[in-house]
Every structure is written in C-alpha cells, then in structure tokens.
Amino acid sequence: MSSSKHLHASFDIPEGGQTMRLDHFLSIKLPNKSRNVIQKHIKSQMVLVNDKKSKSSYQLKPFDKVEWFESFRKLEELIPYDYDLDILEENESFIVVNKPANMSMHPGLGVYKETLQNALQHHYNVTNQTEALVKDCLVQRLDKDTSGIVVIPKTIQAREHLGDQFKGKSTKRIYHAIVWGTPDPLEGTIKKFIGRNPMDEMSIEVSEDEAFGKMAITNYKTIKSYKDFSVVECELETGRTHQIRVHMQYIGHPLVGDKRYEKMQYTGNSQLQNTIGRHCLHARLLHFDHPVTLERMMYEIGWPEDLNELIK
C-alpha cells in the first residue's frame, strides 16, 4: 500500500465462519456504510484480502484476513459539523456536553462528519477558540447509541489531569439503563473479566480467565420494574468497552434495544425494539475534580425524550 493509505480496520474470518461475499461481510461489520460505498472502496483497492486486492463478489473463507484502508486525508481532516450542542458547562479548561443518542464520539469506520468531535470543531470555530483541543481531546467515551453526560478537555493540562481521574477511581459515573426482565437479585455487584470475542472482534464477552481481558466492576440497583423490563442504575468502578451492556447480558438481562448483546428469549418483542431504535443506556451523572482548581464538579441530567416515553 502507498503511504497515502492507512489501515483503519482489520477482520479475521474465524475457523468455521460462515462463507459470504466480501461486500456483504463488510456491510455487516461497517453498518454505517452503504453497499454501494463499500463496493466502490473495494474497487479502488482500499480493501485487501490476505494482502491482495479483491472483488466484491469474492467468497470469504475461514482464516481469510480482510483489511479496510482509508486515506490519510480523510483521517486527518476534521470537518466542522453545524450542530446545536447541549452544553451543560464550558470554561477555559473543559466543556461538558449532553451527548445525544445516534452520535459517534469521533470519526472512524466510514463516519467522518456527524460526530461529537466534528460538532466541537464547529463550536470552537464560531466562538473563536482556535487553541482548544479537538483531535486528541477524548478522555471519556460513550457508545454511539448511548446518550448523556460527557466531559471534553480543552487543554493538554486538562486532558492529562482528567485522563488520570478516569483511569483511577476519583470520578463518579452513574448510568441508567432499561433492561429486559427483572434482575434477581434486585441489586448487586458484577465483577468479571471482559475482553474481545476471539470469534468476533466487534463484540465483548465475559470470561473467568484473567489472561483473556481486563477486570470490569459494575454496581447495579433496580429502580423500578415494569411488565417486560426494568429501570436499572449502574455505577462504574471501571470503564471498559461495552461494560454495562456486557455485564447486564451476563446476568441475563440485556439492555432493551441492544441488538449486539440481545438474548433469544427477548427478541420476540420486536415492536418495542423497533419503537426505541437504539440500546437504552443513558449517562445520567458525572462527578470529577476540576483540572485546575480541584473543585469537585457535579453534573446530573434526566432521561432523554425517547427513553422517557418508554417508561412514563
């Protein structure tokens, strides 16, 4: 590959994996990209199979390696996105935002514009904050479908200070989730190793083997139960990828709307799944120390409209 291209995603076909066309496989792995865009990407030799150019019609087989490349231009440019951010607080050190559902934190995997970082770029442009960090500013991440509070540092000092807080245990993070069924017991602590599924690198799973992943700790408490689902409060002691989603699935109560970590006994309620259109997780509360004054900063917000409609 030329130096103008950069490896952006890699997928290994597992032993016993299902045979399918290359373009169909990529449409599953990259749901934000249309089949037409994927086929053009393959044709332009930005997709390699086993280090060789391929065709959309190629039938993948076990042990094949698929690599998706992007141009450095696309990766390096941050296109301003004119979006009306719900800003909870902003000062010289950081900005606290109520992130909506269906917005990625940063560009990647075919999404280059309508992300939180792009929206921040626009906000800083129109407010003449040319020195504010944008590209390397993330110390906290929410999944695309997760709504709620996120803090973004605006200086290197703030990034380092806040980053240390999130790596340690000085932040307080509480999420509200709507899960299938009623947890039994109603409250407890889930303490399990989690890591990437070796058969599907896009998914996370629980393991008893500490060599498999990293320890993840979630304290949960059932707030209210309904006929088919419950509202659960989750407080994180660690911040692993998909932690709450994986832990709630592990105890048999996956998030409503979570297609990646759903359980078979709940998939029949398609009307509710289709109504909500995303997994039901909301970052409700965030506490951290101000990176300059060390004052304790505390933020809390209520349910977004879509989830509130579900439980009212």
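Note: Cβ is positioned from N, Cα and C throughout, glycine not excepted.
Small disclaimer: the values here were computed from a predicted structure and weren't measured.
According to TrEMBL, the features are:
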DOMAIN    20-79  domain 'RNA-binding S4'
ACT_SITE  Asp143  active site
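Per-residue confidence over the domain 'RNA-binding S4' (20-79) averages 85 (mean pLDDT, predicted model). For the domain 'RNA-binding S4' (20-79), residue counts in helix, strand and coil come to 22 helix, 14 strand, 24 coil, using DSSP.
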